[in-house]
Every structure is written in structure tokens, then in C-alpha cells.
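Residues or ranges marked as domain 'Amino acid transporter transmembrane' by TrEMBL: 38-430. The transmembrane segment feature in TrEMBL is assigned to 43-63, 69-90, 125-146, 158-178, 184-205, 263-286, 306-331, 351-371, 377-397, 409-434.
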Amino acid sequence: MDADGGGGEGFGGQRRKVGDEENLAVEVPETAHQISSDSWFQVGFVLTTGINSAFVLGYSGTIMVPLGWTYGVVGLILATAMSLYANSLIAKLHEFGGKRHIRYRDLAGFIYGDGAYYMTWGSQYLNLFMINTGFIIVAGQALKAAYVLFDEDGPMKLPYFIGIAGFVCGMFAISIPHLSALRLWLGVSTLLSLIYIIIAFVLTIKDGVNAPPRDYSIPGTTTSKIFTTIGATTNLFFAFNTGMLPEIQATIKQPVVKNMMRALYFQLTVGVLPMYAITFIGYWAYGSSTSTYLLSSVDGPVSLKALANIAAFFQSVISLHIFASPMYEFLDTKYKIKGRGFTIQNLTSRIAVRGGYLTFNTLVAALLPFIGDFMSLTGAISTFPLTFILANHMYLVAKRNKLNSFQKLWHWLNVLFFGVLSFAALVAALRLIAVDSKTYHLFADL
């Protein structure tokens, strides 16, 4: 990168002008997937689907219990605002330097060079692989939770349900060619989210009203509280961020920056309300004894709890497709799988390519159903760097000729703060893995 910010290395070593992007025509890279076709409202629902996935059923236990009322509430609000800010920085660089950057790695490679291209690629796909594996585990756990409501001592164990979840995810992935093709399924996903959130909300309120006074003290020793607080802080930011904003923004209609900002505002205002509601009400009802899967704490009709768990299962299938779409785009572009979604050739290719990817995901999920510990590690080494550190530094490099001294200092402070937080999260995650490895075993029935 030139010292004055006037030029930069693009992927492949080609020299590119990056200092005066407004005067350049926008180049769109090749992709097998559909781009520039979705309204900001549809993209807003894609983002909201991620926020209100079945993971929200765990936030009362994984965020509020370690942080308590004050830090939990304030932390969620601050994480929402900071996530909106960091994602807006990435969104504003989508058409930068005369090129539309439809992939995170393309943007990093354009600004920094080839090395950053490959490092960002590796970090992003590790992050998304772990998230996808997590969705398969959550789907399997939801299916098992519904099963034990009717046969608590049945022979079916968690790894079997994870296998079923992986198969259903594979069938869905084969049927939906690209992210824009979700359309109707986004409405289905919203309905499913509302089903398990409303059922959990109502049953939780009933339990809370009838329960004796709760204990809201933060459990654990002084040392364990430090590490669980760091882990909960990581979960705060993990809840709002995808690590694939350029790929989602690629689907939006022009003007891409203005429309993406509308989608982000929708996601982090209206879209977060269901998540806030179920997170806070769960902690209010059960206090420090809140479980990491809220539906296992509620008391109510078996039929309602079964419906909520089945809704959580199918919503996880749809959510996984969103977070797997960058990998699908890469594979489809590499193997030239494009055109009509249901031709014999395309179906056969997707069965082989996507089926193979999700089979590996499912195997890892069944092998390590305590993957949440490893997801904390992934968050430390990839989610924080991608969403916060890289976002602020890329914006600083790309726009530094237009930023005043205070603005530059602000971005450097963000890089430093999230760098320290990422390191602390790394240490906490490694400790968690070391502690839990003494308890868990492969193919565990948790």
C-alpha cells in the first residue's frame, strides 16, 4: 500500500487506484449466484433471521446469567449499537475503488493485497463453518428435546438427531440454489421464529409469576466469573454479527449502500426486539438457574413445547442456508453450477458438492456436540477480527485522506479495543475447552 493511500494492491497483484472511487465505473466480479435482485426489506429479513435464530433460546443463560441485570442489559444495547456501526463501515465500502466487492475476501484483498485476501478467506470460512456446525447441533438438540417430551427413556440419542438434522439441511440446500431464492422461506422463517419465541415467552411469564423470589447473583468463583464474563461478552457481539455482510449485500438492489443501511437499521431496531424480549424474560423468570436452552426450563403443555422445539428445528435449517451461502457461492462458481436450479445437471452437482460439505459439517457436529466451546474460540480468532478489527482498519485505510485526526484516532481506538477483547476471549475460550474436555466425550449425548 502506498504511504499516501493513493493506491493499493488488488488480488492477483494488480495495482489499483483506491483513493478516488467516486469517479470510477463500478466493476462487478463473476459469480454463479444471483446479485442485485433483492429489496432492502428482503435483505433486512435475511439479517433478522440470523438474529432471531434458535440460538436466542440460549441467550438468557449464556449472556444474562454471567453478566447480571445491569451489565447484561447495557451490554446488549451497546453491542447492538456497536454492531450497527461496524457493519455500516463494511457496507459503505461495498462499491469502493471502482469495483463492487461481493465477497469479504475480495474487499480485503483489494485494500491490502493478496496475503489479506487469503487470510480473510480462511478466517471467514472457518467462522461460517463453525456457525453452520452450531446450527446443525442446535437443530439436533431441538429435535431431541421434542422427542424426550414423549419418550424420555427412548433409545434415540443426540448424535442420531444431529444426523437427521444434517440430512434435512442437505435436502434444503439442494432445493434452494442461492441466497436470493429464499424469498418465501424468509416469511416461513419469521413465522417459525415467532412460534418458538412466543411460546417460550408466554410459558416463561407463567413460570415467573408463579415462582418464588429468584436469585440473580452471578454464580461461580471469582476466577470463573472473570472468564465467564469474558465469554458472555463475546456472545454479546456474536449474537448480532454474521461475518458475511458483503455476501449478503451482494444480493441487494441499487443503490447498494443506501439500501443496505436501510436493511441494517431494520435488523438492529425492529429485528432485535423479539431477541431482547425472550432474553430478558427468561432471565427474569429463572434467575441464575436459567438453562442454556430456554425451552428445557419452561413448564407447560407438552404439545406447545413440542411445537416450539419443532419450529426451532426447521428455523435452524433455514438459518444454516443463509450462513452457508458464501461457501455455496464459492463452490458453485468454481464448478460452474449456475442457471436454472432444478435441471438434472445442477441438481446432481449440488447433491455432490453441497451434500459433501454438509456431510462433513454433520460429522463434526455429531462428533463434537459441545462445539459451543470451540465456537467461542472461533469467535475470538475470526468473528471479532472480521466484524470489528478489520472493519475499522479497512475503513481507516480506504478513507484516510478524507478523515480528520479525531476520526482516525477513533478508528484506531476501536481496533485496539477489539484487539484486546479478542485476545481476552481467546484466553477464556482455551480455558473453557481445557475445563470441559475433562467432562465431555466424542459423540456425547448431551
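Including glycine, each Cβ sits where the backbone N, Cα and C put it.
Bear in mind that the values here come from a model prediction, so they are computed numbers and not experimental data.
With a cut-off of 8 Å between Cβ atoms, the residues of this chain six or more beyond the transmembrane segment (409-434) that come close are 86, 227-228, 230-231, 233-234, 373-374, 376-377, 379-381, 384-385, 388-389, 392-393, 395-396, 403. Per-stretch counts of Cβ pairs under 8 Å to the transmembrane segment (184-205) identify 306-331 as the leading one among 43-63, 158-178, 263-286, 306-331, 377-397.
Non-local neighbours of the transmembrane segment (377-397) in the same chain are 1, 5, 8, 82-83, 86-87, 89-90, 92-93, 104, 107-108, 111-112, 120, 123-124, 126-127, 130, 234-235, 237-238, 241, 243, 403, 408, 411-412, 414-415, 418-419, 421-423, 425-426, 428-430, 433; each lies 6+ residues outside the stretch with a CB under 8 Å from one of its CB atoms. Long-range contacts of the transmembrane segment (158-178) within the same chain: residues 32-34, 135-137, 139-141, 143-144, 147, 185, 313, 316-318, 320-321, 324-325, 328-329, 332, 341, 346-347, 350-351, 354-355, 358-359, 361-362, 365-366, 369, 443-446, each at least 6 residues beyond the stretch ends and with a Cβ under 8 Å from a Cβ of the stretch.
Cβ atoms under 8 Å from those of the transmembrane segment (306-331) belong to residues 31-33, 46, 49-50, 53-54, 57, 103-104, 124-125, 128-129, 131-132, 135-136, 138-139, 142-143, 145-146, 149-150, 165, 168-169, 172-173, 176, 178-179, 182, 185-186, 188-189, 192-193, 195-196, 199-200, 242, 244, 247-248, 295, 337, 353-354, 357-358 of the same chain, restricted to positions at least 6 beyond its ends. Recorded stretches compared: 125-146, 263-286, 351-371; the one with the most Cβ pairs under 8 Å to the transmembrane segment (43-63) is 263-286.
Long-range neighbours of the transmembrane segment (125-146) within the same chain, counting only residues 6 or more positions beyond its ends whose Cβ lies under 8 Å from a Cβ of the stretch, are 53-55, 156-159, 161-166, 168-169, 243-244, 293, 295-296, 305-306, 309-310, 312-313, 316-317, 319-320, 323-324, 326-327, 358, 361-362, 364-366, 369, 371-372, 374-375, 378-379, 381-383, 386, 446.
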